[in-house]
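To keep things clear, I will list the structure first and then write my remarks on it.
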Amino acid sequence: MIFQRTVQKMVKTTGVGLHSGNKVTLSIMPAPVNSGIVLVRTDLSPAVAIPAKAEQVRETTMCTALVNDEGIRISTIEHLFAALAGLGIDNAVIEVDAPEIPIMDGSASPFVFLLQSAGIKEQAAPKKYLKIKRPVRVEDGDKWAELKPFKGFRVNFKIDFAHPEIARSQQHVVMDFSTSAFVKDISRARTFGFMRDIEYLRANNLALGGSMENAVVLDEYRVLNPDGLRYEDEFVKHKILDAFGDLYVAGHAILGEFTAYKTGHALNNQLVRALLAQQDAWELVSFEKEADVPVSFTVPGGAVFA
C-alpha cells in the first residue's frame, strides 16, 4: 500500500511578506489522515483556519490567495504548495501570523528544505491520486491550459515573453515529474519581475517586500541580479513551479499531462475548478505496490511509518 504523508515534527521559519514587506512567521505541523492541507491565521483572535481547496482561491492578482467567506485571506501560497506537492505531503497544518506566506528567496527551495528538516512520516491510510480520465481545457484569449490522461505526471509548458533576456532563454519545457526532478530542476527557480512594473505595484500596496534577494529583476534589456540566473531557463521553470503549487489545491497529486501556454495563477485555478466540476473527467485511485505507482515520490532522507 502507498500511504499518505505528513511531516514528522513541527518546523518554523521567518521571512518577509512579498506584498506587505512585513516580517512573517510560518509553522508547519503534522496533521491526521484525510485532513488535507489547512492554513491558519494565528494573528487573528480567535485564529482562523482556511482549508486549501480550489473554491477558496478567490484572488489571483500577482499570487494565489485563499479567501474565506468573511474575506479573511492568506496570500502567496503557491511556492509553499509547490514544495508540498513536490514532496508528496498530503496532510499538514500551516500556521502563519500574517495575511501572506513569506516569500523567502522567491522559489520553493527554502520550503523544500524546511519540509526535509521536519522529516516525512507515512500514515496508516492509502494515498489517493487524482487520475485524469479525459481532457479538460480552459482558455483566456491566446492563453490556455489543459489536463489530459497520462500514465504519470507530465508537464508541457510554454511561455512567450518579448523581453530580450527571456526570449533568448528556453521558453518551452517538457518534463516527467518525480520528487528528485522537482527538487533538482524546478524548486530553485525564482519569481521574476520587471523594474517598469515596480512603481505601479507599490502604488497598489503590492511587492513592498520585493527585492533582488527574493526575485529575478529585469530592466528593459537584461537581468539586474549580480549573480544572474540559477537555471538558463529559470523563467519558464518558475512558471512551472507556480503551476505545481496552483494545481495542488485540487487536494491530491494529479496523474495526467498538464499542457499550458502562457498560463498564470488565474487560469491554473480555473483549470482545477473546471476539472473538479466535471466528475466524469477524473477519479481517485490508490496503489497497493510502489512498483505500480506511475509517479516517483521518493522520500528525501527516509520516511517514518506511523
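Every residue, even glycine, has its Cβ placed from backbone N, Cα and C.
Residue density at H238 (Zn(2+) binding site): 26 other Cβ atoms are found within 10 A of its Cβ, drawing on all protein chains shown. Feature annotation from Swiss-Prot assigns Zn(2+) binding site to H79, H238, D242.
Following the DSSP three-state reduction, the secondary structure of H265 (active site, proton donor) is helix. Here Swiss-Prot flags H265 as active site, proton donor, drawing on sequence analysis.
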Roughly how many angstrom lie between the C-alpha atoms of H265 (active site, proton donor) and H238 (Zn(2+) binding site)?
12
Who sits close to H79 (Zn(2+) binding site): which same-chain residues at least 6 apart have their Cβ under 8 Å from its Cβ?
I101, I103, M104, G106, S107, A108, F111, T191, L241, D242, G245
Check: same-chain CB within 8 A of Zn(2+) site center, minus H79, H238, D242:
E78, A82, G106, S107, A108, A189, R190, T191, K239, I240, L241, F244, G245
